[in-house]
């Protein structure tokens, strides 16, 4: 039985304000097809670039063009580093993105750090922090240079926030640095396995090397931005490579301190949805506080005859994801206004 909602049929109920594109885990490499670590799922390394091309052509030809595209991380595969092809593969993907007629906001995932150091990424075309919007007279909403996160306003009364899920991580960091030592200590405290990418026997399986977490500094900043959005009655979309809600994700793929991120988000009224990648399988759930968690299906594990991307149409009362291929359609109604008591 197909209970998939039909956004086209429901879109007449209110005027569309704007739209934006979403895509995750392209993981391009100029290699023949392979499999995941367990050898159970095929990965289409070379064809992923053609999927990206198809998505860009689709967005460019939409009757109401998206205002921007959110790229949810893992844009090239870690295998590139083994073949000394990281820069070349990134250049091919970025050349493809040049065909897109709207801005793209890039999130960083584990595969970015398999290929490049954090310092390299900070000075690369994958750093789209220059697209941020600064809130005048509110310095507390300015992100630190210590992590890669920012916010922007695609449309009045809507704010998008990109988070750095590898702010706490042993990936892409100088191994002689205090930050590396701090993050390795966190990882070792929760994961005694010799192979740190293995969740075997862990009570908290998210503590593996291919995941990361949010520093307290970044969470404090997120809290300040959400406080501003609450006060100014903005609707907020949050983006991260790593998911933070267990019901929408494999537990092995969650951010290390996902509970801390949820605690911040749940203390505010303004957040509509949280987009993530990383799982490749996709996932979806509405949490008890009315926040929708959308984990996008990964391009890398999408067969040549399918697709994996979407366009989110934004209305005064809801957001509607129109998926392509493996990505299902979703309807995300805004929370009903709660009464404020003095």
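Cβ from N, Cα, C; glycine included.
Swiss-Prot lists 1 with the feature N-acetylmethionine.
DSSP gives residue 25 (Zn(2+) 1 binding site) a coil state; it is part of no helix or strand. Taking all protein chains in view, 27 other C-beta atoms sit within 10 angstroms of the C-beta of residue 25 (Zn(2+) 1 binding site). Per Swiss-Prot, the feature Zn(2+) 1 binding site maps to 25, 27, 74, 280.
Summarising the annotation, Swiss-Prot assigns Zn(2+) 2 binding site to 74, 110, 241, 278 and lists similarity to another entry as the type of evidence. Under the three-state DSSP scheme, residue 241 (Zn(2+) 2 binding site) falls in the coil class.
Note on proximity: of the binding-site residues 110, 241, 278, the one nearest residue 25 (Zn(2+) 1 binding site) is 278, by Cα distance.
For the recorded Zn(2+) 1 site, residues 25, 27, 74, 280 set the reference point as the centre of their Cβ atoms, and the other residues of that chain within 8 Å of it by Cβ are 24, 26, 73, 77, 109, 111, 277, 278, 298, 299, 300, 301.
For the binding-site residues 27, 110, counting C-beta atoms within 10 A of each C-beta gives the highest total at 27. Each residue contributes its Cα atom, and for residue 278 (Zn(2+) 2 binding site) and residue 27 (Zn(2+) 1 binding site) these two points are 11 Å apart. Rounded to a whole number, the distance between the Cα atoms of residue 110 (Zn(2+) 2 binding site) and residue 27 (Zn(2+) 1 binding site) is 11 Å.
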